[in-house]
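Chemist: I have a structure here, written as structure tokens, and I will follow up with some questions on it.
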Amino acid sequence: MSLVLAVYGKGGIGKSTTSANISAALALKGAKVLQIGCDPKHDSTFPITGKLQKTVIEALEEVDFHHEELSPEDIVETGFAGIDGLEAGGPPAGSGCGGYVVGESVTLLQEMGVYDKYDVILFDVLGDVVCGGFSAPLNYADYAVIIATNDFDSIFAANRLCMAIQQKSVRYKVQLAGIVANRVDYTKGGGTNMLDQFAEQVGTRLLAKVPYHELIRKSRFAGKTLFAMDPNEPELAECLAPYNEIADQILSEKPIASVPKPIGDREIFDIVGGWQ
């Protein structure tokens, strides 16, 4: 059986870059990894494969939506460190439900008999306020991970995601493994002071702290994971450390996880407003 992770966070938070680097860290520690991009932008696997790969929707359109005519090679690309990537894709902008495609992608992998051949499956999911469609990966996940930055909008989105995880945990096995603090800046952004307080309030922890660093942005534009960058890059080890830390925790015998206790929508405005 595969260990399934669902990675969520506010749009533009660095979720796909973080997901790709977590996948790379896991793969370099010996895990066979599948990363599934669950965003109509279909750029989740770009740092792994170095290109915008064909989406499940595009592949299905080519065979007039006859699932049985597709093989794994039609929808899965292998990239850095042997990581397999799949992009669910979505309908044209302004039409249809992007979340519906996520469930269809999982069904297709199961029909092909490849869903359970991986050690780790990582869903990289669009999710500011989680609708029913984009919450579908939580139905399959062992653990959810939230990517957040040290600001109110990000924390508000993280709290909404905690609500979705709590709701899903009633019927499914999913638990929250923790929050990854992204773009941590102790000189201008307050470090993780607000995230530390939020994590304690909802009953979770910070899995790791990813620094705000030009090298991370540079790797994304290069279409690479950090692990594929020139090993002589200054401060590379500092940037890699949090992803290795996350991978070690995920691959441990029993990762620490819990069902979060989210704050009410109106209450969070009062609570967070008092944090410094």
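Placement of Cβ uses the backbone N, Cα and C atoms for every residue, glycine included.
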Chemist: Going by Swiss-Prot, G12, I13, G14, K15, S16, T17, N182, R183 bind ATP; tell me which of K41, K51, K54, K117 is listed for that site too.
Modeler: K41
Chemist: Within its own chain, what residues at least 6 apart in sequence put their Cβ under 8 Å from the Cβ of S16 (ATP binding site), listed in sequence order?
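Modeler: Residues satisfying the criterion: G37, D39, D43, S44, F46, P47, D124.
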Chemist: So how far apart do the ATP binders G12, I13, G14, K15, S16, T17, K41, N182, R183 get, largest Cα to Cα in Å?
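Modeler: The span, Cα to Cα at its widest, is 22 Å.
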Chemist: Hey, what's the Cβ neighbour count for C97 ([4Fe-4S] cluster binding site) at 10 Å?
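Modeler: Other Cβ atoms found within 10 Å: 13.
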Chemist: Using Cα coordinates, what distance in whole Å links R183 (ATP binding site) and C97 ([4Fe-4S] cluster binding site)?
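Modeler: For R183 (ATP binding site) versus C97 ([4Fe-4S] cluster binding site), the Cα atoms are 31 Å apart.
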Chemist: Please compare the binding-site residues G12, G14 by how many other CB atoms fall within 10 Å of each one's CB, and tell me which has the fewest.
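Modeler: Across G12, G14, these binding-site residues, the one with fewest Cβ atoms within 10 Å is G12.
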Chemist: Applying a 10 Å Cβ distance cut-off over all chains shown, what neighbour count does R183 (ATP binding site) have?
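Modeler: A 10 Å sphere around the Cβ of R183 (ATP binding site) contains 21 other Cβ atoms.
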